[in-house]
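First comes the structure, then the notes that go with it.
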């Protein structure tokens with residue numbers, strides 16, 4: 001937020017609001033309010049599935065003074081608009097509301113947000129993403145417009161950021177799969193460490209904290225059976241205060257042959273889901289507290305069909321999935337066209353040649369870095385390490 005925008009958001013108006021014109025969409029104040037809505041929405045990502053984490057900001061329509069803001073509550077209810085309007089109270093009358101996703105229009109566990117917006121007396125709605133859910137599909141926008149609320153789509157930049165924010169929700173509706181992040185840690189030469197029964201750390205504390213934050217922002221975290229055998233990970237979020245944000249832990253094992261004594265099974269929560277194609281070897285897990293076996297059927301090759309696996313977890317409410325498996329699993333998601341974002345955390349130390357292997361097969365990092373399938377979104381330092389984020393060009397254009 002620039003200084004001018006910040007000043008406008010918080011300053012006392014020098015003219016009567018009744019005499020001032022509504023803020024134009026191109027105003028830096030509106031831009032700052034839109035960024036605020038995006039920021040607020042980020043706070044509950046990974047905690048609202050199967051609903052998206054929406055951000056809503058209620059502001060004075062003429063001065064831009066923020067009246068209230070909220071994100072979708074944990075668990076997905078109440079929605080962001082309802083919470084923000086509840087906080088705004090009577091000050092919502094005549095105000096502006098900015099939402100990262102068009103308001104819902106269907107009756108479910110709660111009344112439609114479009115009705116709440118009209119009933120609160122909002123004069124202007126600015127929204128980001130269109131909702132592909134057929135229960136919504138523009139009906140909320142039509143409803144508010146029919147009841148005297150001016151509905152305006154945000155700027156292209158705001159829409160782009162909202163579409164990325166809600167990609168998990170959109171993909172679950174349109175492709176019946178979650179948004180997929182693939183994360184790998186590599187050494188200075190770009191090699192992935194080979195496990196020896198326990199995790200091998202090649203990045204520092206800052207990068208590892210960033211990795212745990214990714215876990216907290218995911219609905220589920222996924223690894224392959226070989227990673228469980230090689231590293232015996234717990235796959236929990238160990239950042240202070242965020243232990244309860246640890247996601248569902250998913251293991252891909254075509255024959256359900258996961259070691260029953262693995263650390264994953266030491267606690268019932270967060271739950272473990274084993275996705276397999278043949279559950280005949282999974283007798284040890286049937287009825288085991290905190291463990292579910294999701295049998296998607298065997299493919300002709302004997303390997304799991306990743307797209308079917310993603311459809312299965314999406315059917316269980318997963319909208320954001322973090323893949324932390326080894327090179328084979330990561331390559332599988334990329335080859336299947338299921339990787340929406342690839343995050344490479346590169347350390348400064350170099351592994352012994354016998355202790356590492358190239359990620360994604362012989363092409364190594366170039367499989368992503370030099371591919372037209374991905375675009376470099378961000379590259380930044382994390383302590384001494386480097387984090388590179390690549391986004392799928394199918395869903396993101398810089």
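Even glycines carry a Cβ here, placed using N, Cα and C.
Annotation source TrEMBL lists active site, proton donor at 81. Listed in sequence order, 54, 56, 70, 97, 99, 103, 113, 116, 117 are the same-chain residues six or more apart from residue 81 (active site, proton donor) with CB atoms under 8 A from its CB.
The annotation Zn(2+) binding site is assigned in TrEMBL to 79, 104, 113. Within 10 Å of the Cβ of residue 113 (Zn(2+) binding site) there are 29 other Cβ atoms, across all protein chains.
According to TrEMBL, the NADP(+) binding site annotation covers 185, 227, 231, 254, 326, 327, 328, 329, 330, 331, 332. Cβ environment of residue 330 (NADP(+) binding site): 182, 184, 323, 339, 342, 359, 360 lie under 8 Å away, each six or more residues apart in the same chain.
Residues or ranges marked as substrate binding site by TrEMBL: 215, 235, 238, 324. If you take the C-beta of residue 235 (substrate binding site) and look for same-chain residues 6 or more apart in sequence within under 8 angstroms, you find 215, 221, 223, 246, 249, 264, 324. In the three-state DSSP reading, residue 235 (substrate binding site) counts as coil.
According to TrEMBL, the compositional bias 'Polar residues' annotation covers 1-18.
In the predicted model, the domain 'CMP/dCMP-type deaminase' (28-141) has a mean pLDDT of 94. Residues annotated as domain 'CMP/dCMP-type deaminase' in TrEMBL: 28-141.
Minimal Cβ crowding within 10 Å, among the binding-site residues 79, 215, 238, is found at 238. Sitting within 8 Å of the Cβ centre of 215, 235, 238, 324, and not among those site residues for substrate, are the Cβ atoms of 211, 212, 221, 233, 234, 236, 237, 246, 247, 322.
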